[in-house]
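Per TrEMBL, these features apply:
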- 7-29: transmembrane segment (TRANSMEM)
- 101-122: transmembrane segment (TRANSMEM)
- 134-155: transmembrane segment (TRANSMEM)
- 167-190: transmembrane segment (TRANSMEM)
- 196-216: transmembrane segment (TRANSMEM)
- 260-279: transmembrane segment (TRANSMEM)
- 299-318: transmembrane segment (TRANSMEM)
- 330-350: transmembrane segment (TRANSMEM)
Amino acid sequence: MLTFKAVMANVSVEPVAFLYFVTMVFSGYLNTNLLLYKACDPTGEMAQHVGSKCPDEAKAQHVVAPINGYKLLVQQVVPITLVMFAGTWSDRHGRRRRPLVLLPIIGQILSDALSLYCTVRWSVSPAVTATMQAAAIACSGGPAMLFNGINSYVADKTAEEWRTVKYGMIGGVISVGFILGMLVYGSVIVNVGFAAAYQISIGLGLLCLALAFGFMDDAELTPSDNLPLYRDVLRTINPMEVLRNSYGVLTKRRQGNDTVILCIVVLLCAPLTCIPLEGEMSVMYLFLRYKFQWNEEQFSVFNAYQMTVVLIGTIFALGILSHKFRMDDALIGTIAAIFDLLCAIAFFLVTQSWQLYI
């Protein structure tokens, strides 16, 4: 039986993951709102009254929506390359995983600092503001880099019998972090304004950085390659070797049809699942604000409610359908995809805001 003392003795990356995703969600919605307010009012008068209505909401959203699309594309594509090279560097330097976690945290802090500057200098256009935000996140690897570091750290440091529990704990704290980040965003932005909200976000990022140093051990597990710096850099950023190694891992011979299934999941299922979700999240706030005249606080409450329902559904799928009834993972995924499609259709059909909660 797991005791509280045993659980606490195995805590390492969970506080870091929790606080990072609180900060990321909080900052992400702040960024979208900042772009919208800049598009609504170039003079900056609206920034003093967060929660007020935009004089020309439709026009402002037509400015912000494409910017959000390009911004999201950059934040997703650039880290793909960085993660592959960073993983190679980490493996060759004694499996040091902490730098893979620290880099996206630093990028998040830098993004918030640049956003704070753009808040103080309101004349900076929405496009330039979004470029600065996206560049800081993308060039530091973002959540993809963090997941790479966390998953590798757990695999290296955790005993086999604890790994399932560990990954479950990480998934749980990330979900709670998402929910808390949304709730904090709605209440904070309305009460303190953009500048103070970004200062809070920077403070959360610095605390997350301190937790990473406090909870994560960065001792080398294997001997490092002692090479001159220029040779080390050239070997790390060798794209052909990185791609060859990645291809080898993907196509490695496995039991039964596992290799084919893995290729389908990576090349088809993941893009078809993640891309619509990311696109939906980038425009949902704008859509609900325009259709139901919601303010920041109303949207944050709804989004937190939505994520709570998703978390409950995930626990049900894993605990009941998968563990108790031994339902096939592919069937669970199919059921989830069908409900996701029905949910998207429902967004078009609702006419009253209360119907979204059903």
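In case you wondered, yes, glycine gets a Cβ from its N, Cα and C as well.
The stretch with the most CB contacts under 8 Å to the transmembrane segment (299-318), chosen from 7-29, 134-155, 167-190, 260-279, is 167-190. Long-range neighbours of the transmembrane segment (330-350) within the same chain, counting only residues 6 or more positions beyond its ends whose Cβ lies under 8 Å from a Cβ of the stretch, are 269, 273, 276, 280, 287, 317, 321-322, 356.
Taking residue pairs at least 6 apart in sequence, the transmembrane segment (101-122) and the transmembrane segment (167-190) share fewer than three C-beta contacts under 8 angstroms.
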